[in-house]
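Worksheet for the structure shown next.
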Amino acid sequence: MKIAILLSGGVDSSVALYTMIQKGYKNIKCYYLKIWLEDELSYIGECPWKEDITYVDSVCKKFNVPYKIINLQEEYYNRVVTYAIEELKMGNTPSPDIFCNQRIKFGAFFEKINEKYDLIVTGHYAKIENKNNSYTLKQAKDKIKDQSYFLSHLSKKQISKLHFPLGDLLKSEIRQIAHEIDLPNKNRKDSQGICFLGKIKYNEFIKYHLGELKGNIIEQETGKILGTHNGYWFFTIGQRKGIKLSHGPWFVTEKDIQNNIIYISNSTNYLKQGKEQFLVHKTNWINKPLKNNNLSAKIRHGEKKIKCKIETLKDEIIRVNLEEKDYGISPGQFCIFYKEDECLGGAKILKTLI
(Lines of atoms letter the chains of each structure in order from A; the text may use other names.)
(Lines give C-alpha, C1' and ligand atoms only; values in the text may rest on other atoms or scores of the structure.)
Protein backbone atom coordinates (compact mmCIF):
# COMPACT_ATOMS: atom_id res chain seq x y z
CA MET A 1 0.00 0.00 0.00
CA LYS A 2 1.37 3.42 -1.01
CA ILE A 3 0.84 6.08 1.62
CA ALA A 4 1.25 9.86 1.48
CA ILE A 5 1.51 11.70 4.78
CA LEU A 6 1.01 15.44 5.12
CA LEU A 7 3.55 16.90 7.55
CA SER A 8 3.17 20.41 8.92
CA GLY A 9 6.26 20.43 11.10
CA GLY A 10 4.07 20.09 14.18
CA VAL A 11 3.81 17.34 16.76
CA ASP A 12 0.46 15.93 15.62
CA SER A 13 1.38 15.08 12.04
CA SER A 14 4.78 13.78 13.19
CA VAL A 15 3.12 11.36 15.62
CA ALA A 16 0.72 10.35 12.83
CA LEU A 17 3.78 9.41 10.74
CA TYR A 18 5.27 7.44 13.63
CA THR A 19 1.95 5.62 14.17
CA MET A 20 1.84 4.46 10.54
CA ILE A 21 5.44 3.24 10.70
CA GLN A 22 4.63 1.33 13.90
CA LYS A 23 1.77 -0.37 12.08
CA GLY A 24 4.29 -1.76 9.61
CA TYR A 25 3.71 0.46 6.59
CA LYS A 26 6.92 0.99 4.62
CA ASN A 27 5.97 2.57 1.29
CA ILE A 28 5.57 6.07 2.73
CA LYS A 29 6.34 9.52 1.35
CA CYS A 30 5.76 12.77 3.24
CA TYR A 31 4.64 16.10 1.84
CA TYR A 32 4.77 19.66 3.09
CA LEU A 33 2.34 22.08 1.46
CA LYS A 34 3.70 25.57 0.91
CA ILE A 35 0.98 28.15 0.34
CA TRP A 36 2.39 31.50 1.42
CA LEU A 37 2.50 34.31 -1.12
CA GLU A 38 5.78 36.19 -1.06
CA ASP A 39 4.20 39.66 -0.98
CA GLU A 40 2.21 38.64 2.11
CA LEU A 41 5.39 37.48 3.80
CA SER A 42 7.24 40.69 3.01
CA TYR A 43 4.37 42.70 4.50
CA ILE A 44 4.00 40.66 7.66
CA GLY A 45 7.76 40.40 8.08
CA GLU A 46 8.07 36.76 9.08
CA CYS A 47 8.52 33.59 7.10
CA PRO A 48 6.54 30.96 9.04
CA TRP A 49 7.29 28.00 6.80
CA LYS A 50 11.09 28.01 7.21
CA GLU A 51 10.82 26.72 10.76
CA ASP A 52 8.22 24.19 9.60
CA ILE A 53 10.59 22.82 6.97
CA THR A 54 13.40 22.50 9.52
CA TYR A 55 11.21 20.27 11.66
CA VAL A 56 9.82 18.32 8.69
CA ASP A 57 13.38 17.61 7.56
CA SER A 58 14.54 16.48 11.00
CA VAL A 59 11.47 14.26 11.58
CA CYS A 60 11.84 12.59 8.18
CA LYS A 61 15.55 12.00 8.78
CA LYS A 62 14.75 10.42 12.14
CA PHE A 63 12.43 7.90 10.50
CA ASN A 64 14.38 7.64 7.22
CA VAL A 65 11.35 8.68 5.17
CA PRO A 66 11.55 10.85 2.01
CA TYR A 67 9.64 14.12 1.77
CA LYS A 68 8.76 16.67 -0.85
CA ILE A 69 7.64 20.31 -0.71
CA ILE A 70 4.63 21.03 -2.89
CA ASN A 71 3.94 24.62 -3.89
CA LEU A 72 0.23 25.47 -3.76
CA GLN A 73 0.51 29.25 -3.53
CA GLU A 74 -1.60 30.01 -6.59
CA GLU A 75 -4.26 27.48 -5.65
CA TYR A 76 -4.36 28.81 -2.07
CA TYR A 77 -4.91 32.36 -3.25
CA ASN A 78 -7.52 31.50 -5.88
CA ARG A 79 -9.49 28.99 -3.82
CA VAL A 80 -9.23 30.26 -0.25
CA VAL A 81 -7.96 33.84 0.01
CA THR A 82 -10.34 35.24 -2.62
CA TYR A 83 -13.27 33.47 -0.92
CA ALA A 84 -12.32 34.91 2.49
CA ILE A 85 -11.87 38.44 1.13
CA GLU A 86 -15.24 38.45 -0.66
CA GLU A 87 -17.04 37.15 2.42
CA LEU A 88 -15.43 39.82 4.60
CA LYS A 89 -16.38 42.57 2.15
CA MET A 90 -20.01 41.40 2.34
CA GLY A 91 -19.91 41.69 6.11
CA ASN A 92 -19.91 37.94 6.58
CA THR A 93 -17.62 35.89 8.78
CA PRO A 94 -15.76 33.33 6.64
CA SER A 95 -14.38 29.99 7.80
CA PRO A 96 -11.09 29.62 5.87
CA ASP A 97 -10.16 26.39 7.66
CA ILE A 98 -13.11 24.55 6.13
CA PHE A 99 -12.08 25.51 2.61
CA CYS A 100 -8.38 24.94 3.24
CA ASN A 101 -9.24 21.32 3.96
CA GLN A 102 -11.72 20.93 1.11
CA ARG A 103 -9.91 22.92 -1.58
CA ILE A 104 -6.21 22.73 -0.65
CA LYS A 105 -5.19 19.84 1.59
CA PHE A 106 -7.62 17.39 0.06
CA GLY A 107 -8.40 19.27 -3.14
CA ALA A 108 -5.41 20.81 -4.90
CA PHE A 109 -3.03 18.36 -3.21
CA PHE A 110 -5.07 15.38 -4.44
CA GLU A 111 -4.91 16.86 -7.94
CA LYS A 112 -1.13 17.33 -7.75
CA ILE A 113 -0.37 13.76 -6.79
CA ASN A 114 -2.85 12.39 -9.36
CA GLU A 115 -4.27 9.82 -6.97
CA LYS A 116 -0.99 7.88 -7.00
CA TYR A 117 -1.50 6.84 -3.39
CA ASP A 118 -3.81 4.35 -1.73
CA LEU A 119 -4.11 6.40 1.44
CA ILE A 120 -3.55 10.00 2.55
CA VAL A 121 -2.67 10.39 6.23
CA THR A 122 -2.79 13.58 8.30
CA GLY A 123 -2.63 14.59 11.95
CA HIS A 124 -6.26 15.70 12.14
CA TYR A 125 -8.29 14.95 15.25
CA ALA A 126 -11.17 12.97 13.74
CA LYS A 127 -12.12 9.42 12.78
CA ILE A 128 -13.15 7.80 9.53
CA GLU A 129 -15.05 4.54 9.66
CA ASN A 130 -15.64 2.22 6.72
CA LYS A 131 -18.39 -0.37 6.86
CA ASN A 132 -19.05 -2.23 3.61
CA ASN A 133 -17.51 0.64 1.60
CA SER A 134 -19.79 3.15 3.33
CA TYR A 135 -17.66 5.89 4.88
CA THR A 136 -18.55 8.00 7.90
CA LEU A 137 -16.74 10.93 9.51
CA LYS A 138 -16.79 10.86 13.29
CA GLN A 139 -15.59 13.01 16.15
CA ALA A 140 -12.23 12.31 17.76
CA LYS A 141 -11.80 10.86 21.23
CA ASP A 142 -10.41 14.25 22.29
CA LYS A 143 -13.55 16.40 22.05
CA ILE A 144 -11.62 19.59 22.82
CA LYS A 145 -9.23 19.08 19.88
CA ASP A 146 -11.82 17.45 17.58
CA GLN A 147 -11.59 18.86 14.03
CA SER A 148 -14.63 17.24 12.41
CA TYR A 149 -16.15 20.75 12.15
CA PHE A 150 -13.39 21.74 9.72
CA LEU A 151 -13.69 18.50 7.74
CA SER A 152 -17.46 18.74 7.24
CA HIS A 153 -17.27 19.90 3.62
CA LEU A 154 -15.23 17.00 2.31
CA SER A 155 -16.81 14.67 -0.22
CA LYS A 156 -17.24 10.94 0.24
CA LYS A 157 -14.60 10.43 -2.43
CA GLN A 158 -12.12 12.52 -0.46
CA ILE A 159 -12.97 10.78 2.80
CA SER A 160 -12.53 7.34 1.23
CA LYS A 161 -8.84 8.14 0.66
CA LEU A 162 -8.12 9.53 4.13
CA HIS A 163 -6.88 8.11 7.41
CA PHE A 164 -6.57 9.98 10.72
CA PRO A 165 -4.50 7.84 13.13
CA LEU A 166 -4.84 10.35 16.00
CA GLY A 167 -8.61 10.00 16.22
CA ASP A 168 -8.43 7.61 19.18
CA LEU A 169 -5.79 9.55 21.11
CA LEU A 170 -5.95 12.50 23.50
CA LYS A 171 -3.64 15.45 22.95
CA SER A 172 -1.88 14.61 26.21
CA GLU A 173 -1.21 11.08 24.94
CA ILE A 174 0.21 12.45 21.68
CA ARG A 175 2.56 14.76 23.59
CA GLN A 176 3.63 11.81 25.73
CA ILE A 177 4.40 9.70 22.65
CA ALA A 178 6.41 12.59 21.17
CA HIS A 179 8.57 12.72 24.31
CA GLU A 180 8.92 8.95 24.60
CA ILE A 181 10.29 8.64 21.06
CA ASP A 182 12.21 11.93 21.37
CA LEU A 183 10.73 13.71 18.36
CA PRO A 184 12.78 16.76 17.31
CA ASN A 185 9.64 18.91 17.64
CA LYS A 186 8.35 17.36 20.88
CA ASN A 187 8.27 20.74 22.64
CA ARG A 188 6.92 22.77 19.73
CA LYS A 189 3.76 24.68 20.55
CA ASP A 190 0.56 24.09 18.60
CA SER A 191 -0.26 26.55 15.83
CA GLN A 192 -2.93 29.05 16.84
CA GLY A 193 -3.43 30.67 13.44
CA ILE A 194 -6.14 29.89 10.92
CA CYS A 195 -5.69 27.17 8.39
CA PHE A 196 -2.11 27.05 7.10
CA LEU A 197 -1.42 30.58 8.36
CA GLY A 198 0.60 29.21 11.23
CA LYS A 199 1.93 32.00 13.41
CA ILE A 200 0.16 34.79 11.54
CA LYS A 201 -2.81 36.28 13.36
CA TYR A 202 -6.11 36.46 11.49
CA ASN A 203 -6.41 40.25 11.91
CA GLU A 204 -3.01 40.73 10.25
CA PHE A 205 -4.19 38.64 7.32
CA ILE A 206 -7.37 40.78 7.06
CA LYS A 207 -5.45 44.06 7.39
CA TYR A 208 -3.08 43.10 4.60
CA HIS A 209 -5.90 42.35 2.15
CA LEU A 210 -8.54 44.93 3.16
CA GLY A 211 -6.66 47.64 5.04
CA GLU A 212 -8.26 49.83 7.72
CA LEU A 213 -11.13 52.34 7.66
CA LYS A 214 -12.33 54.29 10.70
CA GLY A 215 -15.98 53.86 11.65
CA ASN A 216 -18.25 54.43 14.63
CA ILE A 217 -19.10 52.02 17.41
CA ILE A 218 -22.71 52.64 18.46
CA GLU A 219 -24.67 51.31 21.44
CA GLN A 220 -27.58 49.27 20.07
CA GLU A 221 -30.17 50.42 22.61
CA THR A 222 -29.40 54.16 22.79
CA GLY A 223 -27.84 55.04 19.44
CA LYS A 224 -24.99 56.69 21.33
CA ILE A 225 -21.53 56.75 19.72
CA LEU A 226 -19.17 55.07 22.18
CA GLY A 227 -15.97 54.96 20.14
CA THR A 228 -14.39 54.09 16.81
CA HIS A 229 -13.11 50.96 15.08
CA ASN A 230 -10.80 50.21 12.12
CA GLY A 231 -13.24 48.46 9.78
CA TYR A 232 -16.38 46.33 10.03
CA TRP A 233 -14.48 43.41 8.46
CA PHE A 234 -12.53 42.92 11.70
CA PHE A 235 -15.71 42.06 13.64
CA THR A 236 -18.22 39.23 13.80
CA ILE A 237 -21.63 38.95 15.44
CA GLY A 238 -21.26 37.89 19.07
CA GLN A 239 -17.64 39.04 19.28
CA ARG A 240 -16.45 40.28 22.65
CA LYS A 241 -12.68 40.37 22.27
CA GLY A 242 -11.19 43.55 20.84
CA ILE A 243 -13.90 46.00 21.95
CA LYS A 244 -11.73 48.17 24.16
CA LEU A 245 -14.40 50.25 25.88
CA SER A 246 -15.14 50.80 29.57
CA HIS A 247 -18.31 49.62 31.36
CA GLY A 248 -18.21 46.31 29.52
CA PRO A 249 -18.18 43.53 28.65
CA TRP A 250 -19.54 44.55 25.25
CA PHE A 251 -20.70 42.30 22.43
CA VAL A 252 -21.14 42.96 18.70
CA THR A 253 -24.86 42.70 17.84
CA GLU A 254 -25.03 44.10 14.29
CA LYS A 255 -22.89 45.42 11.43
CA ASP A 256 -23.90 48.19 9.00
CA ILE A 257 -21.52 47.55 6.11
CA GLN A 258 -22.82 50.44 3.99
CA ASN A 259 -21.87 52.99 6.65
CA ASN A 260 -19.08 51.02 8.35
CA ILE A 261 -20.86 51.01 11.73
CA ILE A 262 -20.53 48.41 14.47
CA TYR A 263 -23.42 48.11 16.93
CA ILE A 264 -22.76 46.73 20.39
CA SER A 265 -24.66 45.83 23.57
CA ASN A 266 -23.55 45.24 27.13
CA SER A 267 -23.86 41.79 28.64
CA THR A 268 -27.31 42.34 30.22
CA ASN A 269 -28.99 43.43 26.99
CA TYR A 270 -26.97 41.06 24.82
CA LEU A 271 -28.30 38.02 26.65
CA LYS A 272 -31.81 39.01 25.57
CA GLN A 273 -30.84 38.79 21.89
CA GLY A 274 -30.05 35.11 21.43
CA LYS A 275 -31.42 33.29 18.39
CA GLU A 276 -32.78 29.77 18.11
CA GLN A 277 -33.89 29.73 14.48
CA PHE A 278 -31.88 30.52 11.35
CA LEU A 279 -31.51 29.63 7.68
CA VAL A 280 -28.62 27.83 6.00
CA HIS A 281 -27.82 27.06 2.36
CA LYS A 282 -25.08 25.55 0.18
CA THR A 283 -25.27 22.33 2.17
CA ASN A 284 -22.68 19.58 1.85
CA TRP A 285 -23.95 16.24 3.09
CA ILE A 286 -21.38 13.53 3.71
CA ASN A 287 -24.25 11.34 4.85
CA LYS A 288 -27.70 12.92 4.66
CA PRO A 289 -29.83 12.15 7.74
CA LEU A 290 -32.81 9.84 7.24
CA LYS A 291 -34.78 11.87 9.80
CA ASN A 292 -34.62 15.61 10.45
CA ASN A 293 -34.90 15.41 14.23
CA ASN A 294 -32.61 14.14 16.98
CA LEU A 295 -29.71 15.98 15.39
CA SER A 296 -27.16 18.34 16.91
CA ALA A 297 -25.51 21.42 15.47
CA LYS A 298 -22.17 23.15 15.96
CA ILE A 299 -22.28 26.86 15.16
CA ARG A 300 -18.53 27.21 15.64
CA HIS A 301 -15.45 25.10 16.34
CA GLY A 302 -15.41 23.81 19.90
CA GLU A 303 -16.94 21.18 22.14
CA LYS A 304 -20.48 22.58 22.29
CA LYS A 305 -23.22 20.97 20.23
CA ILE A 306 -26.85 22.10 20.45
CA LYS A 307 -29.74 19.72 19.78
CA CYS A 308 -31.73 20.77 16.75
CA LYS A 309 -34.33 19.93 14.13
CA ILE A 310 -34.03 20.86 10.47
CA GLU A 311 -36.61 21.54 7.78
CA THR A 312 -35.86 21.75 4.06
CA LEU A 313 -37.52 24.73 2.35
CA LYS A 314 -37.55 25.78 -1.30
CA ASP A 315 -34.33 26.44 -3.25
CA GLU A 316 -32.47 23.96 -1.02
CA ILE A 317 -32.58 26.34 1.93
CA ILE A 318 -32.76 24.64 5.34
CA ARG A 319 -34.35 26.10 8.45
CA VAL A 320 -32.56 25.12 11.64
CA ASN A 321 -34.44 25.09 14.95
CA LEU A 322 -32.17 24.95 18.00
CA GLU A 323 -33.39 23.64 21.35
CA GLU A 324 -31.63 26.53 23.08
CA LYS A 325 -30.60 30.03 22.08
CA ASP A 326 -27.18 30.85 20.66
CA TYR A 327 -25.69 34.33 20.91
CA GLY A 328 -23.22 34.48 18.04
CA ILE A 329 -24.92 33.17 14.89
CA SER A 330 -23.27 35.08 12.06
CA PRO A 331 -24.01 34.94 8.30
CA GLY A 332 -21.11 33.45 6.38
CA GLN A 333 -20.11 31.08 9.14
CA PHE A 334 -21.00 27.42 9.04
CA CYS A 335 -23.44 25.22 10.88
CA ILE A 336 -22.26 21.62 11.09
CA PHE A 337 -24.73 18.81 11.71
CA TYR A 338 -24.16 15.72 13.85
CA LYS A 339 -26.00 12.50 14.67
CA GLU A 340 -24.46 11.59 18.02
CA ASP A 341 -20.70 11.56 17.22
CA GLU A 342 -21.07 11.27 13.43
CA CYS A 343 -20.46 14.43 11.40
CA LEU A 344 -23.16 14.39 8.71
CA GLY A 345 -22.05 17.53 6.86
CA GLY A 346 -22.54 21.26 7.06
CA ALA A 347 -24.05 24.36 5.51
CA LYS A 348 -23.39 28.08 5.26
CA ILE A 349 -25.44 30.34 7.54
CA LEU A 350 -27.66 32.61 5.44
CA LYS A 351 -29.51 34.68 8.07
CA THR A 352 -31.02 34.53 11.54
CA LEU A 353 -34.79 34.45 12.15
CA ILE A 354 -35.96 34.38 15.77
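Placed from the backbone N, Cα and C atoms, the Cβ positions cover glycine too.
Here the structure is a predicted model, which means the values were calculated and not measured.
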**Report entry** Same ATP site per Swiss-Prot - residue from GLY91, GLY107, GLY123, GLY167 joining LEU6, LEU7, SER8, GLY9, GLY10, VAL11, ASP12, SER13, LEU33
**Finding:** GLY123
Query raised in the report: At the Cα level, what's the spacing in Å between LEU6 (ATP binding site) and GLN333 (site 'Interaction with tRNA'), rounded?
Result: 27
Query raised in the report: How long is the line from the C-alpha of GLN333 (site 'Interaction with tRNA') to the C-alpha of GLY10 (ATP binding site), rounded to the nearest angstrom?
Result: 27
Query raised in the report: Taking the Cβ of GLY10 (ATP binding site) as centre, how many other Cβ atoms lie within 10 Å?
Result: 21
